[in-house]
Amino acid sequence: MTRSRVALLGAMGIDNFGSGLFLPLVLVYASRVIGVPLVAVGTAITVGTTAGLLVPPLAGRLIDHAGPRVGVLSAQLMQAAGATVYLFAHGVGGVVVASVLLGAGQQLFHSCLYALIAEVAGDVPKDRPFAEVGMARAGGFGLGGLTSSGLLTWFDDCGYRIALIADVGTFLVAAGIVVTFVRPARRVVRIVRRCPGVLRNRPYLALILLTGMFGLSLDFFLIGTPVFILDRLHAPQWLPGAILLLLTVLTSFGGTVALRLTRQLSRIDAMRAGSALFAAWCAVSLGVLLVPRSWQVPYMLIATLVYAAGDLVFGPRCGALAEAAAPPEAKGRYLAAFQYAFTMAQVLAPAVVSLFSVSIWLPWVLVGVCSCLAVLGLGRLGPRLPTRAVSPIQS
């Protein structure tokens with residue numbers, strides 16, 4: 001592993017450590033510390049998320065002309081600025097500005113990250129580099145969440161500001177590592193005018209759509225599982241945190257293991273297996289309603305193992321396929337557009353979770369059906385993608 005790859009892993013772990021410190025606390029911080037009503041905070045964050053939707057097309061052109069490292073650095077500085085605005089905000093106006101900066105910065109970061117991983121890795125299959133970065137980010141986010149819990153326990157409301165200041169620091173430290181130690185293996189300036197746009201590449205559009213169906217499970221897990229466990233099952237308050245901790249441990253250490261275990265599968269087949277595991281997770285989780293109450297806690301922990309397996313199998317292969325299937329002349333634009341798969345899921349997930357108010361089973365069925373459709377769609381999509389992208393020689 002090159003020094004640049006090691007530095008990138010460190011930077012991504014530090015970056016996500018800061019995100020784990022503060023992102024889960026944004027709503028509470030703005031309402032309790034700044035004093036903005038919760039409804040206004042939710043509206044402000046929605047504005048920030050909406051503003052971020054405009055970023056990927058701009059990010060794609062930035063990547064193709066200046067390189068993904070410039071985009072990642074800009075994103076980290078933008079997020080540091082947004083967190084700083086939160087630190088000095090005194091009303092809803094400051095929250096809106098901070099939300100816009102953070103939302104745009106997050107979209108820019110994720111739009112550029114895949115391209116940066118690919119360039120740092122060089123001319124090798126990208127499955128393992130994507131798995132390694134995913135492990136580093138998962139571990140960093142989990143440690144950040146645990147640290148923020150400790151800060152709030154020890155320092156009460158002052159812990160929010162400490163977490164926020166540390167968040168700003170992690171963005172700056174990560175940016176410093178990227179600018180100092182991360183060197184792409186090669187950077188070729190390409191002419192992109194003759195390359196068809198993403199909207200004209202139907203197989204790639206289908207890949208974005210099908211990945212979005214998978215991505216819905218990711219966001220539904222994060223925001224829907226606590227609602228299901230606490231509001232519908234009336235399980236112990238600590239169970240959502242225990243489930244998240246279990247997932248963090250598994251994804252922090254299991255990425256390369258899952259890659260080795262599935263090395264005989266093509267990228268499409270691995271993604272189909274991951275989607276099938278997510279559909280199974282939905283069915284297993286819904287089955288908790290048939291389990292005696294005394295067994296529900298261990299049952300949900302076991303269900304998390306199914307979810308983690310799907311995430312580990314699908315995630316690295318998904319990023320590697322998106323990178324390999326993108327035309328070299330416009331890789332930045334294609335990978336930035338690929339980010340819409342996850343943005344679409346982020347927008348839809350809250351609406352799906354809200355359906356728990358209609359029926360306890362309906363959200364699980366919808367998410368499970370989307371995963372099943374992804375399995376079927378990926379099977380039809382495989383032959384339409386470049387063979388080199390679907391079935392590479394593993395590194």
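A Cβ is built for glycine as well, from the same backbone N, Cα and C atoms used for every other residue.
Note: TrEMBL annotation is automatic and uncurated.
The model shown is predicted, which means the values in this text are computed figures rather than measured ones.
As annotated by TrEMBL, transmembrane segment applies to 7-30, 36-58, 161-182, 203-229, 241-261, 273-291, 297-314, 334-355, 361-379.
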Top Cβ-contact partner of the transmembrane segment (203-229) among 36-58, 334-355, 361-379 (pairs under 8 Å): 334-355
Interface-richest range of 36-58, 161-182, 241-261, 334-355 toward the transmembrane segment (7-30), CB pairs under 8 Å: 161-182
Listed stretch, out of 241-261, 334-355, 361-379, that has the most CB pairs under 8 angstroms to the transmembrane segment (36-58): 334-355
Contact set, same chain, for the transmembrane segment (334-355): CB under 8 Å, 6 or more residues outside the stretch: 49, 52-53, 56-57, 59-60, 63, 107, 110-112, 114-115, 118, 198, 201, 204, 207-209, 211-212, 215-216, 218-220, 222-224, 227, 322-323, 325-327, 362-363, 366-367
